[in-house]
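Student: Below are the structure tokens for one structure; questions will follow.
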Amino acid sequence: MSRKASSCPICGQPATGETRPFCSKACRDRDLLQWLGEGYSVPGTPAADEMTKSDDYGVDSTPD
Ligand SMILES: [Zn+2]
């Protein structure tokens, strides 16, 4: 392993100790926001779809 600073995944500049693996707080915040943005949009869609399906099912199996 090298002792050299790794490069920031956001902008590619050398990352310093305090905000590693990012070069600065700005880049760290940016990465965090991207992460949250992805996390929100993924689980929402399938859950809503399942709810609609189970609702249809109940209506269809009513005649008895
Ligand atoms: Zn950066």
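Even glycines carry a Cβ here, placed using N, Cα and C.
What TrEMBL shows for this protein is this:
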type: BINDING; residues: C8, C11, C23, C27; note: Zn(2+) binding site
type: REGION; residues: 38-64; note: region 'Disordered'
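For the listed features, I'd like the structural context: burial, neighbours, distances.
Tutor: C11 (Zn(2+) binding site) falls outside any helix or strand according to DSSP and counts as coil.
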Student: Here are the binding-site residues: C8, C11, C23. Which has the lowest count of other Cβ atoms within 10 Å?
Tutor: C11
Student: Enumerate the residues of the same chain, C8, C11, C23, C27 excluded, that satisfy the criterion Cβ within 8 A of the mean position of the Cβ atoms of the recorded Zn(2+) site; list them in sequence order.
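Tutor: Along the chain, the qualifying residues are S7, P9, I10, G12, Q13, A15, F22, S24, A26.
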